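Q: The following block contains the structure, expressed as structure tokens.
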């Protein structure tokens, strides 16, 4: 059995930054550190940080006065931000800068009195945070997930309308929704640059290349990870058997027993140690040395807040 690795895969710059913010805060201030929502959607990462003293909460009311609070990489609404400001809390923001970019687009539209349409998945924390940037009662903020949603949507003023997207969507599906928006609302204005982030796009391109060669595709990522789910869906659309797994223990030998080639990738919130464990598991099932495919190089780095820029090893 041949083992192929997608390239790129795994951690993106926003996830690296968010995890570093929690780790550095723990090193500087000590436990407990409170984090609103899972800092990134990966069970291994969250469990590791929890063991070190991070407490993950959903409501600001759960945080005691005087505590350290961190917003997750997915971002928060203005209402949540204002609630935190009203409390005696030290707040650090781990929102991915590429999510913040979308927040700023929504806020600008709100100030201008433009109505805004967000393409995204209902209930996802990034969507809730982005929708929560709009505050103009004269306008409106709407969520669509599919072309069908677009055709049934009614807005107040089609002449003052803009759209944005969640950063972790399927590139292909989003293109279909944007096409529908432009047909339904010819005057609608979109962002100058696609809101779907570089890491999402690159990992989807990489899994497409992987699926062209592999019989079975394993996507390392948690069930609540939007970008990981999109990778598995893309491989399935290409006619491949694909499984979304949290770790190597999830793999069943029957999945790969007849496969000549197994492809492995990882969502943007999955650490590489999980991929290495998957490779070891596949080798137990008769796999050979893992080969990494050629792919797009990523060298983007997002800095942590200056108050947290320390060498954790020195603090520890």
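Using N, Cα and C of the backbone, Cβ positions are placed for all residues, glycine too.
The active site, proton donor annotation in Swiss-Prot covers 126. Positions annotated as [4Fe-4S] cluster binding site by Swiss-Prot: 12, 96, 197. Under the heading dimethylallyl diphosphate binding site, Swiss-Prot lists 41, 74, 124, 225, 226, 227, 269. The isopentenyl diphosphate binding site annotation in Swiss-Prot covers 41, 74, 124, 225, 226, 227, 269. The (2E)-4-hydroxy-3-methylbut-2-enyl diphosphate binding site annotation in Swiss-Prot covers 41, 74, 124, 167, 225, 226, 227, 269 and is backed by sequence analysis.
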Q: Restricting to the chain of residue 167 ((2E)-4-hydroxy-3-methylbut-2-enyl diphosphate binding site) and a gap of 6 or more, list residues whose Cβ falls under 8 Å of its Cβ, or answer none.
A: 96, 98, 99, 102, 126, 195, 196, 197, 200
Q: Please list residues from the chain of residue 227 (dimethylallyl diphosphate binding site) whose Cβ is under 8 angstroms from its Cβ, counting only those at least six apart in sequence.
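A: The list for residue 227 (dimethylallyl diphosphate binding site) reads 168, 199, 200, 203, 221, 267, 268, 269, given in order along the sequence.
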Q: Can you grab the distance from residue 124 (dimethylallyl diphosphate binding site) over to residue 12 ([4Fe-4S] cluster binding site)? Cα atoms, rounded to a whole Å.
A: 19
Q: Tell me whether residue 12 ([4Fe-4S] cluster binding site) sits in a helix, a strand or coil according to DSSP.
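A: Assignment for residue 12 ([4Fe-4S] cluster binding site) reads coil.
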Q: Name, in the order they occur in the sequence, the residues of the same chain whose CB lies under 8 A from the CB of residue 41 (dimethylallyl diphosphate binding site) and which sit 6 or more residues away.
A: 221, 222, 224, 225, 226, 228, 269
